[in-house]
Amino acid sequence: MRAVVVVTGLVVVVVATALSLPNHDVKSATSSRSSSDYQGSSGDDCDEGLPPPDQPFRVVWNHPDNCERIKLHLPLDDYGIIFNKLRVFLGEEIQTLYDTGPWPYISETGKFINGGLPQSFNHPDNDGETQRILKKHRPENFTGLGVLDFETWRAIYSTNFGPMTIYQNESVKLVKEQHPDYDQKKLTKVAEKEWQQAAKDIMSNKLKIAQEVMPRGHWGYYLYPRTWDNKRDTKFRNDKINWLWRQSTGLYPSIYIYDFSKTESAITKFVSDTVGEAVRVQKEFSPPNTPIYPYVMFQTMDNIFHYEDHLKISLGLSAKMGAAGVVLWGTSKHYKESTRQWQCQQLQEHIRTVLGPLVKNVTQMMTDCSRAICEGHGRCVHNSHDVILGETESQRLSDLCSTRQSRFRDYHCRCYSAWEGACCQTLRPSRCQKREQRNVHGGGDLID
């Protein structure tokens with residue numbers, strides 16, 4: 001993962017645009033924190049698993065802090081933050097996998113590893129090694145979030161720029177060796193075509209193996225989907241890899257903030273655009289139960305905790321747009337043995353005073369809204385933040401249900417995949433035999 005730096009000026013305006021939060025008593029809300037078996041998963045013919053009725057929005061801890069090793073308790077469960085048992089990094093709730101077997105890449109010294117390019121990938125035991133690594137970390141009956149993290153090159157040829165330009169250059173060189181008579185335009189066109197196919201073969205195969213080893217997990221790649229220069233370019237590029245959205249059973253974009261100089265509205269727009277693009281590809285291409293969990297950084301590489309106002313953008317806006325939850329990630333570099341005691345005490349205090357109460361507030365509000373206007377069968381989406389329906393249609397749906405609870409008059413329902421109707425009041429006809437379902441990670445379907 002990459003670092004993010006806090007912009008200290010994000011205070012009044014951004015808070016207003018992120019999420020209006022009622023002042024809940026943080027001690028009053030309850031939250032389930034463990035998975036249970038469910039019908040309907042990425043490995044089933046009947047893919048209609050549901051989250052628990054009290055958890056339309058979940059916050060998942062994926063921070064390798066190591067505080068439990070010194071017996072310093074982080075009060076995650078007090079605020080409904082989901083975490084792996086024994087606080088392991090690879091566990092039953094979430095697995096972010098940096099090592100998924102051999103990949104082709106070019107080292108910093110220019111050495112071609114495993115062929116260097118996807119087109120030249122030549123590892124003799126790729127599948128076997130990938131399977132062994134995944135099985136080594138496989139929890140029993142895994143139903144959690146499965147995240148493959150590979151960032152050395154990108155699936156879309158044209159997005160390998162900056163330090164990754166070498167992959168475009170070497171791809172063109174490879175074609176030229178085979179076809180010295182081609183002009184530059186044709187060389188580039190063929191190089192792009194060969195790259196796209198080879199990258200697809202490798203990434204799709206890794207994903208397939210993960211889904212076979214842990215078929216009930218929600219599998220996808222970190223940083224996919226992402227946004228580019230503008231919405232037109234973003235759609236064009238991401239549609240080129242629609243095969244990835246069709247195969248993924250989890251979408252894990254990043255909403256880390258890198259640029260100090262961005263204005264408050266620009267930062268809010270970035271988060272909105274990124275989550276919105278995930279909603280779009282989920283609607284157009286992904287299985288109906290595919291959850292969206294943006295990755296959120298709450299502590300920078302410079303060891304600065306994000307202010308509450310900044311976290312409200314990341315958590316609040318994701319919730320308002322209908323994401324299934326967020327993943328909280330941080331670096332382990334601050335939690336080395338020499339400084340771990342002090343760092344863990346600082347982290348404990350941050351959770352108690354800032355992060356924890358905010359998580360409780362956001363999750364409780366989305367729970368209350370779901371129960372009030374969606375009968376607990378869907379997520380609430382803010383009328384001004386539905387990238388699929390638009391504000392006019394959102395308001396029409398809102399008027400049908402929000403009269404039940406005026407507090408949520410600016411929200412409408414996005415039903416879970418087993419339900420339909422403006423207020424998610426009708427069980428959809430299904431070839432599947434219904435039973436009590438508790439898929440804690442379910443993504444929910446969008447209303448057509």
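Note: Cβ is positioned from N, Cα and C throughout, glycine not excepted.
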- Disulfide partner of C369 per Swiss-Prot, picked from C344, C380, is C380
- Disulfide partner of C344 per Swiss-Prot: which of C46, C67? C67
- Item | Disulfide-bonded cysteine for C374 as listed in Swiss-Prot, from C413, C415 | C413
- Task: Name the residue from C423, C424 that Swiss-Prot records as disulfide-bonded to C415.
- Result: C424
- Given the glycosylation sites N141, N169, N361, which one is most crowded in terms of C-beta atoms within 10 angstroms? N361
- Message: For C413 (disulfide bond), which of the listed recorded positions (C67, E151, N169) have their CA atom within 10 A of its CA?
- Response: none
- Message: Give me the long-range Cβ neighbours of C67 (disulfide bond): same chain, 6+ apart, Cβ under 8 Å, in sequence order.
- Response: H73, L74, R87, Y335, R340, C344, L347, Q348
- C424 (disulfide bond) to C374 (disulfide bond) - Cα separation in whole Å: 5
- Using DSSP, tally how many residues of the domain 'EGF-like' (413-424) sit in helix, strand and coil. 0 helix, 5 strand, 7 coil
- Task: Let me know how many other Cβ atoms fall within 10 Å of the Cβ of C369 (disulfide bond).
- Result: 26
- Item | Rounded Cα separation (Å) that holds between C380 (disulfide bond) and C374 (disulfide bond) | 7
